[in-house]
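Chemist: According to TrEMBL, the record shows the following:
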type: MOD_RES; residues: Lys186; note: N6-(pyridoxal phosphate)lysine
type: ACT_SITE; residues: Lys186; note: active site, proton acceptor
Amino acid sequence: MTPAVPIPFNKPYLSGNETTYIEEAVRSGKISGDGLFTKRCHQFFEQQYGFQKALLTTSCTDALEMAAILLNLQPGDEVIVPSYTFVSTANAFVLRGAKIVFADSTALNPNLDVSTLEALITPRTRAIVPVHYAGIACDMQAIQALATRYNLIVVEDAAQAIDSYYRGQPLGSFGQLAAFSFHETKNIISGEGGMLAINDPRFATRAEIIREKGTNRPLFFRGEVDKYGWVDIGSSFLPSDIIAAFLWAQLESLDRIQAQRKALWQSYFTQLAPLRKIGVGLPMLPDYASNNGHMFYLTCTSLAERTALISYLKARQILPIFHYQSLHQSQFYASNHDGRVLPWADFYTDCLVRLPMYYELSTEQQQRVIGAVLAFYEKR
Ligand SMILES: *Cc1c(COP(=O)(O)O)cnc(C)c1O
């Protein structure tokens, strides 16, 4: 028997025009930031999703760091972040001296549990950072109601949430600020890359300045000031136009990419649904949330079961991935955590596993993954 061809967890998809547009950018003679392709991408996002202002960044991490600077956090200010998330969601605010207050996930999916939020708010709370895990919307209406009542800023970590919706409204358009990722593991990619969406005019000009090393150069180029200089803190957060050229090719193919990913997600969901009878969890979409086909995950009933499943699949040349060690338990931040037990964050840390999901995953390959998962559970 010939050995099975490995099925990776992710494979970056090139939609076809990436190198053509990169050549075009190079030929234009301007490849630093805010060139032709960057402007096209900004316009696309503003028109397609109604963001008041879109600014490409070199990563979602950078977009979150820009958001943290925009908040003018003072040492001791508190920011509420789910524990079950990527490091950058919290680290961006820690860099500004903030204290992170961790929220637990819900039982139904890893998104933060809004019913626990109000008890976490203190006079020092400045912001809430909902993460739309797997592109599935958090309960934005409830979060915004709290934010309004307590005068808090909402920064959406929409890294996984491109082209996803809450009651028909695009994710990333709710928070005063929202951060997206175009890392090669996301739906729409540019290798590394990200975007800050700004939906509050108070932040618009300052965001441009922070992104341009603390200078008012963007205003100078628009003729709004007659010379530019150092006016604020900032850093170099803008990507080269070569990155934007790559991203533009992806955006042109957005509908096709999304349709394919959603179809893959749906066939995982339909064929693995019987596992729910034996306690395996499948992604749970509340009725207010759309699906953007970012990720397909299962939750096992224990860490031991997940470990066994992963080695069973790896032995069959299938590479599933688990991720996120709850941040309240992390080596770096555990000693700053207030000691609350966050059982659902711990549950997802131990039990969640992500199955291969990428545009070029063929029907035959996906059937191999599904067949192997079902076979693993039949044996048990
Ligand atoms: C991918 C991801 C990030 C980081 O994105 P980068 O572009 O790699 O900086 C942050 N938050 C979440 C939830 C992510 O999935």
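From the backbone N, Cα and C atoms, a Cβ is placed for every residue, glycine too.
Looking at the shown structure, what environment does each listed feature sit in?
Modeler: Lys186 (N6-(pyridoxal phosphate)lysine) falls within neither a helix nor a strand when secondary structure is assigned with DSSP, and so counts as coil. Non-local neighbourhood of Lys186 (N6-(pyridoxal phosphate)lysine): Ala159, Gln160, Ile162, His294, each in the same chain, at least six residues away, with C-beta under 8 Å from its C-beta.
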